[in-house]
Amino acid sequence: MAWWWWWSEAVVVGGGTGGGSSGTVVSICVFTAVLCVCLVAGHLLEENKWVNESITALLIGCVVGAIIFLLSEGKNSRILRFDEQLFFIYVLPPIIFNAGFQVKKKQFFHNFLTIMSFGIFGVFISVAIVSTGCYWLFPKVGFGDLGAVDYLDLILFTTTALGAIFSSTDTVCTLQVISQDETPRLYSLVFGEGVVNDATSVVLFNAIKNLDITQLKGGVALKVISDFLYLFFTSTMLGVTIGLSTAYALKALYFGRHSTDREVALMALMAYLSYMLAEFLDLSGILTVFFCGIVMSHYAWHNVTESSRITTRHIFATLSFIAETFIFLYVGMDALDIDKWKTSETSFKTSLGIFGIIISLVLLGRAAFVFPLSIMSNYMSGSSEKAPITFNHQVVIWWAGLMRGAVSIALAYNQFTFSGVTLDPVHATIITSTIIVVFFTTLVFGFLTRPLISAILPHQHRQSTTPGTGGGGRSTGSNSPKDDFIMPFLSPDEEASGSGSGFLQAKRSISMLLERPVHTVHIYWRKFDDRFMRPIFGGPMERDRGNCY
């Protein structure tokens, strides 16, 4: 066992801050090998969607963590210990950028108002319910009575932060079961709400962090909303600006005539630059990189060679898949970190009570906005061609947002640990509670996703996973980004209806705007896009789209 003693010592050293280089190399090698095991296991379980990559990575992480824990005699359970900024600086950017880059924009913008209502207003409702419930119920199970001097300030910030942490969703399990061909609107709503929800949760969490809890006044809600709106719009504009700049550079300089590698490198580096620049300016990097991905896919992607298009699509999806697998694998190992459980100083009964409260509030907070907003969306759609959101579809949307994943973990670790370690009992309890909730929702709700959807939507059939995505992350299932970029928002008959006298056209436009506001905005946006944007930033013109069907 001498070799194991040396390796375990190397792991502990490599996992610390400033450990030896040999220990770090060994740790990284072992962690990479475990990642490869996750990939192989996910491949073998590809046909059995009861278990997806997230569940596989969690279980493998637990097994590896248990082995390390036993062989190190309870000293350690992780292969590596990372700085708390790792998740936000290196892991989350590829996940969110790929979500924006691969999003099916036709369906996304066709259901824009509904998606935004779920992803923005829904998060505010969920945060309010989870925060209020935690503030009211935690003391009843014995959590919070820790003798802290600033107890009120502490519990206010803690419960508000928990509201944002547990309002972030992970819709991967549900997306892998829903058929995009049979229910395109349902798929679009689940996917769109998932990515907007992540961005909103992070922006709102940052706005809450900037509050001075000790000087709360009556206008605190307005302060949070104003900070959120500022972060949301400035981050969005930064992402759009960098995306357009990249598209213009690729179109004007034509890198492909010399090297396609430069095209791919420029897109990847500019995407990462958008994220880091937003963080430098104290904006939301996640929101910035998401909209940067949308703009790049709409303009920049058309300005590169065909080989670069294929390469960018696969490399972004691959990085996203590896990053998400990495997070769940690390969480699986970190769940057995005995130091966190000892530091939390909460009894089993209290921990069970905290877990039950959070799960109940997550279920309630999700239902509080999904069903009312779905009914409102159906009412606003009226007699348009949109398929209504049926009650069964509402249940699927509600269920899809119950699982917690990468963003929840990242927010909790970023705020309540330092280099993966915390010495504060309250913070340790939050981390352990987050781990339990992520485990429970991913494993239990993830396992039940397929039978539930099969019972509610009996005609659903799983669509084959996009080649190159690995089935992980938030893949859209599209065969190519080009399929959506070249599809017009309107039918030929609707386009032809724009002809006629100016008065009749204006009257028709006003009527359409009142009856179908989003659809009407699409008409004028496409005209503006074809006339001004695409000639400058690239992309197929309207006259070329008919040849691409």
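Placement of Cβ uses the backbone N, Cα and C atoms for every residue, glycine included.
Taken verbatim from TrEMBL:
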TRANSMEM  20-42  transmembrane segment
DOMAIN    34-453  domain 'Cation/H+ exchanger transmembrane'
TRANSMEM  54-72  transmembrane segment
TRANSMEM  84-101  transmembrane segment
TRANSMEM  113-138  transmembrane segment
TRANSMEM  154-175  transmembrane segment
TRANSMEM  228-250  transmembrane segment
TRANSMEM  284-302  transmembrane segment
TRANSMEM  314-333  transmembrane segment
TRANSMEM  353-375  transmembrane segment
TRANSMEM  396-416  transmembrane segment
TRANSMEM  428-448  transmembrane segment
Six or more residues out from either end of the transmembrane segment (396-416), which same-chain residues have a Cβ under 8 Å from its Cβ atoms?
54, 84-85, 87-88, 91-92, 95, 118, 161, 164-166, 168-175, 178, 186, 189-190, 193-194, 197-198, 201-202, 205, 209, 286, 323-324, 327-328, 331, 362-363, 366-367, 370-371, 374, 389, 422, 424, 427-428, 430-431, 434-435, 437-438, 441-442, 445-446, 449, 452-453, 456-457
Given a Cβ distance threshold of under 8 angstroms, which distant residues of the chain, six or more beyond its ends, lie next to the transmembrane segment (84-101)?
194-195, 198-199, 271-272, 275-276, 279, 285-286, 289-294, 296-297, 301, 312-313, 316-317, 319-320, 322-324, 326-327, 406-407, 409-410, 413-414, 417-420, 473-475, 481
Mark yes when the transmembrane segment (113-138) and the transmembrane segment (228-250) have three or more Cβ pairs under 8 Å (sequence separation 6 or more) and no when they do not.
no
Between the transmembrane segment (113-138) and the stretches 54-72, 353-375, 428-448, work out which stretch tops the count of Cβ pairs under 8 Å.
353-375
